[in-house]
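Summarising the annotation, TrEMBL assigns transmembrane segment to 12-32, 38-56, 61-82, 94-114. The annotation domain 'CAAX prenyl protease 2/Lysostaphin resistance protein A-like' is assigned in TrEMBL to 24-118.
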Amino acid sequence: MIYRIKNRLPCCGNLTLGSFLNIGILSRVFYGGFVEEIIFRWGIMSLILWLLQLILGQLNIISVIIAIGISSLLFALAHLPSIKVVSEESKTSMYVYTIFWNVWVGIFTGWAFFEAGIFPQLLYICYFTYYGIQFRKCVLTNNTAGTKILTRVGCA
């Protein structure tokens, strides 16, 4: 069930706050692909690596793994408020799903950032964000088993 906001904004006439939640695919891909990755990889992960280098005196693979792990966990925790947008009643399975998969995305993109830098990693995340959105649309419009799964966990 999609979270709907029924109250109108006082200063915008017929424009509802719910219409702000219906953002286009380009803004979703751009935000997920650029803004989040710059914040969590270029910002938080780089800061943690820098602090570990100051503390340990050198940069080694252990400090890279620690930085990727911490930034991935923070990345996953930052996505928890989106559960309230998707569903009015939160289920434990939704929290576990969100944390688990966002930690894995954070680990993968953190390693991609460490190995290749920010720009190849940004292209990767934009592509897979777009692919994920299109896949969900395909599953929901074709009435497949995926539709039943998404409905059961409250994401359809």
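Cβ coordinates come from backbone N, Cα and C, glycine included.
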Let me spell it out: take the transmembrane segment (61-82), skip the flanking residues so only those 6+ beyond its ends count, and list any with a Cβ under 8 Å from a Cβ in it.
36, 40-41, 44-45, 48-49, 52-53, 95, 98-100, 102-107, 110-111, 114
Which residues, given as numbers and ranges, are at least 6 beyond the ends of the transmembrane segment (94-114) yet have a Cβ under 8 Å from it?
37, 40-42, 45, 64, 67-69, 71-73, 75-77, 79-80, 82-83, 86-87, 120-121, 124-125, 153-155
Please work out the helix, strand and coil residue numbers for the domain 'CAAX prenyl protease 2/Lysostaphin resistance protein A-like' (24-118) from the DSSP assignment.
81 helix, 0 strand, 14 coil
